[in-house]
Every structure is written in structure tokens, then in C-alpha cells.
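According to Swiss-Prot, the feature substrate binding site maps to Arg6, Lys7, Gln152. Among the features that Swiss-Prot reports, FMN binding site is placed at Ala62, Met63, Thr64, Ser93, Asn122, Lys184, Thr214, Gly258, Gly259, Ala280, Gly281. The Mg(2+) binding site annotation in Swiss-Prot covers Glu153 and rests on sequence analysis.
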Amino acid sequence: MVRAKRKLDHIEYALSTGQSRTHGFHDIDFVHQSLPNSNYDTITCETKIGELSLSSPIFINAMTGGGGEKTLHINEQLAYVAKHHNLAMAVGSQMAALKDESEAASYKIIRKVNPNGIFFANLGSEATVEQAERAVDMVEANALQIHLNVIQELTMPEGDRDFTGVLQRIEKIVLNSKVPVIVKEVGFGMSKETMQQLASVGVTAIDIGGQGGTNFAAVENERRQRMLSYFNNWGIQTATSIIEATSTNNNLSFIASGGIQTALDVAKAIALGANTTAFAGYFLRILMQDGIEKLVDEIDLLHADLKFIMTALGAKTIEELQSVPLVVKGETYHWLTQRGIDTTHYSRR
């Protein structure tokens, strides 16, 4: 019951706290192309995460589940939207259902709505190999997300305080998983060092989960008597984290998430090196405040606007979008310079 109540609290506070932190994409400028040699009607948006082929570089990221009928209804609606637009979708952490079988329905609903969809199971880094297998089977998942949420746990009144052995547990899951494993942050970004460690144990796909989206430190602080306010602005901005990711030179697929709200955000994230982008809080807010049809319409507009931007840049495919010239400036440039990461190759390609 405590876990289910926490799930509902997360939805309430995520909607009320909003997305107040910057994601850094304002520091990224495309180099205008006066002769793009492109046609809007022939632009294609297919992409891949590792060996998973996706029809769109937009997917619905992990949000909820395990909070009774309310979270079941949210996942049901999100699965409908995913089916309508042929988008991949992740569920929220399934540990609630592994602890309490009665909560499994709030996750299994997605397969009932969209039997042929691409879905990602989701567990925290405390999960065992056996729990990972059960989570994948629960939703007949095409991939498994393992989320890293140290700051959220530290801020959570009842959260974990011991993070030893995480990399070793992830390695065991990767070695034993029958589906691809995606390791993701939850709004605090990832450093190049973290990504190199993950690559060293066989992880091939990473969701950088940058600062700029739902602020889970702020969400958990709303649930505390004594706030740990110093965590509210903690983390690496999304744009910065994508560039840190690409600087590792590992054979990794990258998902950009963390405050992604517009087609321009999507285009910039992909041009920086992401293979795809993920939306969570922005989609949830539209769904809860304006309804499912409004969310369906918003995704239509996102795809149309992305194609407009790709046409302007002369990028006929997502792969070509990953190589258009752009300039990194401002605080993002300063951070990366201090970190020893050269960004000039972006502007000269």
C-alpha cells in the first residue's frame, strides 16, 4: 500500500512541480542551409536502438504503474496512443507488481491494448536477474530498462541509502537477459565516465535522462518534512549529457530524454548524437489535463514539425540528421570545455 500510494504521489507532484530546469538546447544552434536539396514528402523518420527498429525517433518513456486503477487507466491510454502512432513505450518501475501480484494488471494492460507494440519493461538497479526476467515476461517486453535514480532515492523519505554493487548487478542482468537492456537515468543526466563503465559490462543502449524534465528531487522533497533542497538543481543538462555520451566513442545507442517537449528539441538531440528521443512528463501533462485526443494530435504535430526541420536542414533521414552542422555555445560549451570535450567537429561536418 505504501508503494502504491507513492506511485500516486509521484503523478500528483510531477504534474504540480512542472519542468522548471533548463535542458540546455538553447545553447545549440543549427547552421542554416539555403540549398537543402530536400523534399518534405520524402523525409523518413525511422531509426534504431541497437537492433530494435523503430518507426519514429519519438517514444513514450517510463511513467507509471503499480498504483491501482488510476495507473492502470493511464497506462491503458498511453498504450492506445502508442498503438495509434506506432510508437515504442516503456512502463514505470514494475517492482510494485513483483512485490504485489495484484498490481500486475496495471502493467499488463499495455499488451491487451497493443498486442504487437514495442514495449520496454522497467526495474530499478536493485533488481536481481530473476526479477528482471519476471518483469520482461509480465509485459512480453522487447527490451528492459534498468533505471539509475540515486538522487531520487536519497531524497525519497523511505528511499535506498546503499548503492554498492549496482554495476555488478547490471552486468549479471545483461549477461542473462533474453532482450536488450537499456540503462537509464531519471532526470539527472549521465557523465561520460558512467557510460564508459556501463559499456565495459556489456550495456549497448543508454537513456541519458538529463536534467531539464521532471525533477524527481523536487517531487520527493514535496513528500519530506525537511527538504533536501540542495538536490533540486543537481545534475547534468540533457544537451550536455548527450555530447558527453557521444564523446565516449563506444558502440552505444543513445536515447535522449529530460525535458524534451518540441520537435526542435528532438532535432537538436538527434543532431548531437542521439538515436531517438523519449517523452514522459510533457505527454503525461497533456493526457491528464487535456485528454487523450489532444495527446494524439500533439504527436501528429511533433512528427510534422520534425519533418519541416529536417527539410530545412537537408536531412532526408534520421541518420543524415545526425550529421548536420551545428554550433555549441554558452554554458554548455563552457561545461564541455572544462570537461575536455571538443565540440568543433559539430560545426565543421
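Residue numbers in this text run from 1 along the chain shown.
Cβ from N, Cα, C; glycine included.
Projection of Swiss-Prot feature records onto the structure.
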residue	record	Cβ within 10 Å
Ala62	FMN binding site	23
Thr64	FMN binding site	25
Asn122	FMN binding site	27
Gln152	substrate binding site	23
Glu153	Mg(2+) binding site	20
Thr214	FMN binding site	27
Gly259	FMN binding site	28
Gly281	FMN binding site	23
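Across the fold, the C-alpha of Asn122 (FMN binding site) and the C-alpha of Gln152 (substrate binding site) stand 16 Å from each other. Counting in whole angstrom, Thr214 (FMN binding site) lies 15 from Glu153 (Mg(2+) binding site) by their C-alpha atoms. Looking at the residues that bind FMN per the record, Ala62, Met63, Thr64, Ser93, Asn122, Lys184, Thr214, Gly258, Gly259, Ala280, Gly281, the two CA atoms farthest apart are separated by 20 Å. In the three-state DSSP reading, Thr64 (FMN binding site) counts as coil. Cα-Cα distance from Gln152 (substrate binding site) to Thr64 (FMN binding site): 15 Å (rounded to the nearest whole number).
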